[in-house]
Amino acid sequence: MDNGLAVSYQCTKMSQDSQHGKWTISDSEDEDNIIPPTPQKDLTKPSVKPNLERKPDKITTFFKQEPKLSPKRNEKAENSHSVKAPSAPSMGSEARKAAHVNQTDPVKYESNSPAVKRKRETEEGGWNLSSSDDEAPPPALKNEPKKPNRSPKRKKTEDKRPPSPHGTGYYKEEPNDFFETNLLSMNGMYRFYLNKVTGIPKKFNTGALHIKEILSPMFGTLKESVQFNYCFDIPWMVEQYPPEFRDKPVILVHGEKRESKARLIEQAKPYPNIRFCQAKLDIAFGTHHTKMMLLWYEEGFRVIILTSNLIRADWYQKTQGMWMSPLYPRLPEGSLGTAGESPTNFKRDLLEYLEAYRAPELAEWIERIKQHDLSETRVYLIGSTPGRYQGPAMEKWGHLRLRKLLSEHTQPVQNEERWHVLGQFSSIGSMGLDKTKWLAAEFQRTLTTLGKAGKSLASPETQMLLVYPSVENVRTSLEGYPAGGSLPYSIQTAQKQIWLHTYFHGWHADVTGRSNAMPHIKTYMRVSPDFTQLAWFLVTSANLSKAAWGALEKNNTQMMVRSYELGVLYLPSAFNMSSFPVEKNVFPGSSSSKGFPVPFDLPPQRYSSK
């Protein structure tokens, strides 16, 4: 395999960016396997060489997946960030290949990349490229007189390296008619939108949104903004703002530390309008995974809660989604901070989420939000913030927050146990030795809650269907195998939970024209036995992991959450409905439809035995 395809790509946090720099694997979501901190170990000496073959295909493919590679865990200690070197990564993506190649001179490749390199979405999938980045090559590699031939070879592959794992010609500039010029095709009822996807028929993008549209004057005259995210390519992000807004103040809320934080700050040097807010991550394996925009306009204020990183690959050929708030007007002078509340208490919950950062950089925004009228909001906010919570605080975050809302604002339905629970995500953490450890216990109990009269334990009859792309889905996708870089599920985690795979269903999305656009969106829902009605629908940054959703501890008296996550919950009661009908014709978008635009086909198709 030509190392030129193993690239130093745009963001090295895994998500779509699995494709560059230097990577180490850690099942950040695999808290079961945490062991005490160990001294930092040299990451430049790989202990296993990956055997990644080229596979001839009609479509663009890069690496054949080698399931037998078994990476060691990258251990990240609470606070100290001590790290243990992994062996070569297990999934056949460029990221891993690049990691192996670049380990001989990691710093060089990292500093050449325009975007931040860092942890692989733990949440995006159980991997971490955190402080392990911070280690320079050992002196032995800096001058090795006995092996003069290695340097020229390395230089050669470095020169060949294209800008993305997809190859040099992968990204195409979108034509002007790709973008919306008005809001007529937008569904104003649910305000749930998919991202535009390059390379699919135009009708499936009508009413979908690109980041350039979100930041355009079409939605307001921007004065300032805040970008909460996991992965940033700052030069690319700045270009997405229209020229007239590019010098407006922006705060980036991130979870970077040490060297990766320094690289992020370095990226922003040409842009004096960019400031930073570092999210506190005090629990091991936690990440700042929330994706949200706060946009302050001359005309008011808007919130967008989404699933995309701020890197080009996330907005190109992946299935992503967002909730876009209405334009919130300013309250009359002298109004109380509690004024302008919605029936869903969205204003209170958003302020509480922002206050959880304990960040002075956000104080001005908290006051600004208090001065606006958020009463038109019809969704509920569901966030995760790192911590160990007891008493009433246990229900503030994670899956217990979802359970509380489902208990208080939904009603039991007839034949309730026959209504399926459906989860769809892009990354998987460690669930334990069997389903009773977390998934079919506390998590399923949350997802099966409907009203206060709900059964005290998860109903065994209720089917839980999990949607996660298969190898064949990835192989035949618009991106080819590189799409797998945003679907991290490490082999050593998978081998410990073979029981989980009986739940799996493939990715099919003909209804939205996105069967070949691999999902980075995360959605959870309760669907009727015939798949035509929804009892509720959630779009969120939270993948299938205890790190994201939280796990009960101390005989169920404590909730422990590792990461920051954010999503919005749609409940029929907030729309004066008893259930949401599933929309059969999602595209082209219609402003009048009452059907809910589920982004993939129902019912999902179970994996074959092979």
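Even glycines carry a Cβ here, placed using N, Cα and C.
Remember, predicted model here, so these are calculated numbers, not experimental data.
Taken from TrEMBL, the feature region 'Disordered' applies to 1-174. As annotated by TrEMBL, compositional bias 'Polar residues' applies to 9-18, 101-114. The active site, nucleophile annotation in TrEMBL covers HIS289. Residues or ranges marked as substrate binding site in TrEMBL: LYS291, LYS522. Taken from TrEMBL, the feature active site, proton donor/acceptor applies to HIS520. What TrEMBL records for SER545 is site 'Interaction with DNA'.
Structure with TrEMBL features highlighted.
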residue	record	Cβ neighbours (10 Å)
HIS289	active site, nucleophile	33
LYS291	substrate binding site	26
HIS520	active site, proton donor/acceptor	27
LYS522	substrate binding site	25
SER545	site 'Interaction with DNA'	31
Practice problem: May I ask for the distance between LYS291 (substrate binding site) and SER545 (site 'Interaction with DNA'), taken between their Cα atoms and rounded to an integer number of Å? | Solution: 17
Self-check item: Nearest-integer angstrom distance between the alpha carbons (Cα) of SER545 (site 'Interaction with DNA') and HIS289 (active site, nucleophile)
Solution: 12
Quiz item: How many Å separate the Cα atoms of LYS522 (substrate binding site) and the residue listed as 'active site, nucleophile'?
Solution: 12
Practice problem: Calculate the distance in Å between the alpha carbons (Cα) of the residue listed as 'active site, nucleophile' and the residue listed as 'active site, proton donor/acceptor', and round it to a whole number. | Solution: 13
